[in-house]
Amino acid sequence: MNQSLLSQFGTSEERVKRAIEAFKRGNGVLVLDDEDRENEGDLIFPAETITVEQMAKLIRYGSGIVCLCITDELCQQLDLPPMVQNNTSINQTAFTVSIEAAQGVSTGVSAQDRVTTIQVAIADNAKPQDLSRPGHVFPLRAKKGGVLARRGHTEAAVDLASWAGHKPAGVICEITNDDGSMARTLEIVEFGKKFNYPVVTIEDLVRYSSSKVV
C-alpha cells in the first residue's frame, strides 16, 4: 500500500479512529483492502443509520452490487442459507441468498426500496418471513473474529459498526471509476478528498483490532 498517499489521512491509528468517529455520526468510510488481495476500495455505511441519499450514492458511484454485511447469528435468525453450497470464490466471499423486504417495497431495486429491505433485515426480532428471496440486496456473512479472522470488507464493515456502537451490520459497495474499471488506491484517495470520507485500510483495522485484544 502506498503509505505516502494515505499519510494525508493520518497515521494508521488516527485513520481508524477517524473512521470510527465517522461511523458514530452515521457517515461513510472508504476501506481499502490489501494490494495482493482484491486491491479495491469499498464505500461503507453503518446499516443501522443508512439513508436513501447514502444508498443513492452507493448505487451511483459503485458497482451496483450493494451488500449487507451481517453476523452469522443474524444469518441464522433470518434463515439465510449460503448462495451456493460449494463456494469456489478465491476470497471465499460468503454471499447468502439475496433478499427483499416482504412488504413496503415496489420492484425492490430503487434506493428507497433497498434501504427498506436493510431496515427490515436488521430490525430487532426480525423473522425469516419478513423477507422475500431472491431480491436486490445481497447479504454477506461475516466471519466470527472480524478482520483478525478474515481480512475482508465484510468483516471490516461489521467491526467498524460494532466499534462505533451500532448494530454489527454495514452496507458496502465497491467504488468504480467513470469508465467502469475498479477504483484503486489513488482513485479512492481522490474520492475520499472530494466527498470528505475518511480512508482506512484493512491492515489499519487489523492492527487496531489486535491492539484491542492484547
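The backbone N, Cα and C atoms fix where each Cβ goes, and this holds for glycine too.
Note that this is a predicted model, so its numbers are computed, not measured.
According to Swiss-Prot, the features are:
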type: BINDING; residues: ARG37, GLU38, ASP42, ARG150, ARG151, GLY152, HIS153, THR154, GLU174; note: D-ribulose 5-phosphate binding site
type: BINDING; residues: GLU38, HIS153; note: Mg(2+) 2 binding site
type: BINDING; residues: GLU38; note: Mg(2+) 1 binding site
type: SITE; residues: HIS136; note: site 'Essential for catalytic activity'
type: SITE; residues: GLU174; note: site 'Essential for catalytic activity'
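Recorded features from Swiss-Prot, shown on the structure.
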residue: ASP42; record: D-ribulose 5-phosphate binding site; CB count, 10 Å: 29
residue: HIS136; record: site 'Essential for catalytic activity'; CB count, 10 Å: 18
residue: ARG151; record: D-ribulose 5-phosphate binding site; CB count, 10 Å: 20
residue: HIS153; record: D-ribulose 5-phosphate binding site; CB count, 10 Å: 30
residue: GLU174; record: D-ribulose 5-phosphate binding site; CB count, 10 Å: 20
Rounded distance in angstrom between the Cα atoms of ASP42 (D-ribulose 5-phosphate binding site) and HIS136 (site 'Essential for catalytic activity'): 18
Nearest recorded site to HIS136 (site 'Essential for catalytic activity') by CA-CA distance, among binding-site residues ARG151, HIS153, GLU174: GLU174
